[in-house]
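Residues annotated as intramembrane segment in Swiss-Prot, with similarity to another entry given as evidence: 66-74, 181-191. Marked as topological domain 'Cytoplasmic' by Swiss-Prot: 1-12, 61-65, 75-87, 148-158, 225-265. The annotation topological domain 'Extracellular' is assigned in Swiss-Prot to 34-39, 109-126, 192-203 on the grounds of a curator's inference. Among the features that Swiss-Prot reports, transmembrane segment is placed at 13-33, 40-60, 88-108, 127-147, 159-179, 204-224.
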Amino acid sequence: MKKEVCSAAFLKAVFAEFLATLIFVFFGLGSALKWPSAMPSVLQISLAFGLAIGTMAQALGPVSGGHMNPAITLALLVGNQISLLRAVFYLVAQLVGAIAGAAILYGLAPYNARSNLAVNALNNNTTAGQAVVAEMILTFQLALCVFSSTDSRRTSPVGSPALSIGLSVTLGHLVGIYFTGCSMNPARSFGPAVIMSRFSSAHWVFWVGPIVGAATAAIIYFYLLFPHSLSLSDRVAILKGTYEPDEDWEESQEERKKTMELTAH
């Protein structure tokens, strides 16, 4: 566990999560600014969030996995895909990155366009219960897309994971904006809420909904649909950060990379 945390690769991954989340939040929230001469549309905001997540997943995904989302990180922990310490460090990096991205946007945007900095809220008479279920469903489909498109066990061509994930985020926003402004990501909700000091009584919705939705997707995907044939000791080693994959796993990783490179050209 200590070896993992002290490695250069681990530190780079944590920084990549911070940077990717910062950029994602900056561009996502920036698309929702209410400029007097050009009010944002639902399509514009949806595409911006999708393009931002897809771009960062493509750019920094090879370094950290490109989570940029506490719900996804916790779901991967539930699915026994990452170590406990990695999850903790990623969560901190994501939350700090989200605050930094929102802070930069707040400093750049003029007062008349800044408004509430796109803080998530319950819209159109949506109740807290309805909002939680909506966020669960929205994040559930995102998490399934992430798990499937990045599964190293898949040998058939899967196209671009970054594109798939970007489209999944766009899809979620096209529906979710009408309910909650669409979170699907506790960091995205937390960052602007901190900068604007606007924690509503329903802020918990944007944590519970996405986390439960993503965790449910992890249980279904990693334990029911496509379970890993790992021993208990291997699962504990993954959780501790001491697991070392065998050569067959590494070879399958290389084959998948070659497949993805071919489909990208």
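Keep in mind that glycine also has a Cβ here, set from the backbone N, Cα and C atoms.
Where the transmembrane segment (40-60) meets the stretches 88-108, 127-147, 159-179, 204-224, the count of C-beta pairs under 8 angstroms peaks at 159-179. Against the transmembrane segment (204-224), stretch 127-147 shows more Cβ pairs under 8 Å than any other of 88-108, 127-147, 159-179. Counting residue by residue with DSSP, the topological domain 'Cytoplasmic' (61-65) contains 4 helix, 0 strand, 1 coil.
The helix, strand and coil residue counts that DSSP assigns across the topological domain 'Extracellular' (34-39) are 0 helix, 2 strand, 4 coil.
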